[in-house]
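Annotated in TrEMBL:
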type: DOMAIN; residues: 108-189; note: domain 'Beta-ketoacyl-[acyl-carrier-protein] synthase III N-terminal'
type: ACT_SITE; residues: CYS114; note: active site
type: DOMAIN; residues: 259-348; note: domain 'Beta-ketoacyl-[acyl-carrier-protein] synthase III C-terminal'
type: ACT_SITE; residues: HIS275; note: active site
type: REGION; residues: 276-280; note: region 'ACP-binding'
type: ACT_SITE; residues: ASN305; note: active site
Amino acid sequence: MYQSKIAGMGYYVPKNIYSNDDLTRFMDTSDEWIQERTGIKERRFADRTEETTTTMAIEAAEIAISRAGVTAQDIDFIVFATLSPDYYFPGCGVLLQREMGMREIGALDVRNQCSGFIYALSVADQFIKTGTYKNILVVGSEKHSFAMDFQTRSRNVSVIFGDGAGAVVLQPTQDNHSGILSTHLHSDGADAEILAMYYPGAHANKWLKNKPSFPDQELGGLFLTSEQLESGAALPYMDGPAVFKKAIVKFPEVIREALASNNLSEKDIDLLIPHQANLRISQYVQKLLGLRDDQVFNNIQKYGNTTAASVPIALCEAWESGKIHTGDLVCLAAFGSGFTWASALIRW
Ligand code: ACO
């Protein structure tokens, strides 16, 4: 069995910066409300026509591949995590393969929202461990701005999210003391509808409490009707307080699980990189785990919540700013829609 190591990483955020004050041009909100509840000061939004989830992923991937000392031709598998794909299908993995001129390698799309990158990393880790692949590109990328509603009715959601991408290249290492020590994945679908986008979808309203009426026809027409579009049912829905309550339980739980399975404890963590859901969630988790400020990395203030991209963007930014050293114990953790939650422990 091999051990996997992160051989290179990169991130990309769009140039367009939208401050909290900028959002007040579209909806009834304020810098004070947003900063107090979420810690966010500004976020990046992709160019509406030039940039997509795939193009941002390519920007991040090119940096990661070059830092790993390989070329796009050397990549032998792609794992792409996103909830905002360019097309409903096919997924972004094949678009990235095509646009980067890669060989006819496997491209797997992961749909685990905020936990997507750690789920993707875990899948890649298994393929490296078994010796199946030698250079796996793992990507998290999101273009939330195209699907969010910037009217006051959706302000609890649209002030939180931003666009961006992060990528890593995983390679095998013979050194059993460094690299990915373990990954831990969980789910509980009991509350699947409280952080979700219901349409377009094939559920035919089966799980929804407030059901928009069905079109009067024998077949088809349920996937996305004009009535659903007009009623806002095709927009992301979030019960913020319920998400907060669950997140502050599952984040510490999955971090402690990773530590316990490696006979380590909170004091051994050199850097915790939590999914950037909300600065208040990160601060609460830090307090529950008894971690110092220098043991936790946050950058949501600048980028908002970039869902599957937030962990690789934060990991790369922390590394670029000299916060990760050889031998450090780095813990990645995420919680999000599903609910799903996950962690990865890495010896750098
Ligand atoms: N600007 C101004 N007022 C707002 C805004 C806004 N952007 N959004 C909501 N409000 C108002 C509401 O209308 C409501 O007004 P009312 O009392 O007159 O009805 C009031 O603020 C409180 O609304 P709540 O939704 O109860 O706001 P809350 O204080 O819970 O804060 C928030 C909302 C920030 C989303 C909070 O619930 C939270 O942090 N939840 C965690 C969820 C989260 O962070 N999700 C991130 C994505 S999921 C993930 O990554 C895990």
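Cβ coordinates come from backbone N, Cα and C, glycine included.
From a predicted model like this one, the values you see are computed outputs, not experimental measurements.
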Report task. Fill in the CA-CA distance, HIS275 (active site) to CYS114 (active site), as an integer in Å. Result -> 7
Query raised in the report: For ASN305 (active site), what is the secondary structure state per DSSP, taken as helix, strand or coil?
Result: strand
Query raised in the report: What is the interatomic distance between the Cα atoms of ASN305 (active site) and CYS114 (active site), given in whole Å?
Result: 9
